[in-house]
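Let me begin by presenting the structure, written as structure tokens, before commenting on it.
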């Protein structure tokens, strides 16, 4: 008989013999003790003898409930976001973000991510926020449209001044435009050759003459309109007239009792004015202004004001001015690092020159009428475009404050800068690359000028000398 044919063994239930009374009594006794303990604990709690604190369990429950509330709020926000319709036009999306006061774009953000960000923002602040912003913009526009300039009748001399400005500035504007059109008609190759020749001549500029001008630092120098005279101003209070290019002293102008900040020729001096007429004006740090002729000394004295004057004569010579003026445009500048451009015809500020980090010490117009250069204590020279109303280029010009800037007086094809690092530099225009460094002074370069005929460059310095530079 094989093993497979054997029948399986059937397990039999165990049979316990004896009485279960003892085990049942023990079970009942244990249950009685537990019930008594529970009753005792309950009585102690009711009597106030036992305090039970939930501890961390309650904090955990609160955190769980807060998390559940956050999850529910997030679900609701996403639900609202799905119901909000956002334009697919990226320009419109940026405009909506700008209206909500949000950045129009983030680093690495594409149009799809930008739309999703706008949708999420609207799901939080609500779609009505964008409508309110648009309504406020429309209201502001309507208010601006309703605003009107109010005019009143001015005095007769104001009318005369504005008529004179128009008669003076408009013909010169026409001349500048005609010259620009004629320059544009010149072939590009011819213009390039002329520019290369000019740059070559500027690279060959060297010191031609050096002259001790005074016992104190020389603060200012300027060529006469006929390029045959040079006038210098000094901290000794003396102004001196020199013949160039041999640098011989013609006359000493005595009258100021303190540092002279600037001296300027009348635009028609040495051209159409007589020597006995007012040919020069000077100003000092005490606020005094003196008018000079070429054959005599002081003709008039003007007192009042404070501080040195940056520029004295208007381009026309019609008025004595304490700022820089070009035809109908006036620029005020100062130690607040800002400059303002004003239109004399309307009396309004048409441009705010903001960008320098320190005070502005010098400013000069280009002959083209729309470029302005400013020199500042932040060691830079900025070139501004009055047409585009912006800074078109910042020249890291020097290692110390820029005290003087000057465009080429005839065509503006190059720019001169002088600074307190004892050097002056020549820069191309356009391009603003350095062409030549005029080194030779042992002190700060406090002023510079270009002769109207374009042959000479003059620099004056804290070392009490002025130098003439000429191309070899």
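Including glycine, each Cβ sits where the backbone N, Cα and C put it.
In TrEMBL this protein carries:
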type: DOMAIN; residues: 88-140; note: domain 'Pre-mRNA processing factor 4 (PRP4)-like'
type: REPEAT; residues: 253-295; note: repeat 'WD'
type: REPEAT; residues: 353-394; note: repeat 'WD'
type: REPEAT; residues: 395-427; note: repeat 'WD'
type: REPEAT; residues: 438-472; note: repeat 'WD'
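Here the repeat 'WD' (395-427) has long-range neighbours at 195, 198, 202, 205, 358, 361-368, 371, 373-383, 433-439, 441-450, 452, 454, 457, 459, 461, meaning same-chain residues at least 6 beyond its ends whose C-beta is under 8 angstroms from one of its own. As a summary of secondary structure, the domain 'Pre-mRNA processing factor 4 (PRP4)-like' (88-140) carries 38 helix, 0 strand, 15 coil according to DSSP. As a summary of secondary structure, the repeat 'WD' (353-394) carries 0 helix, 24 strand, 18 coil according to DSSP.
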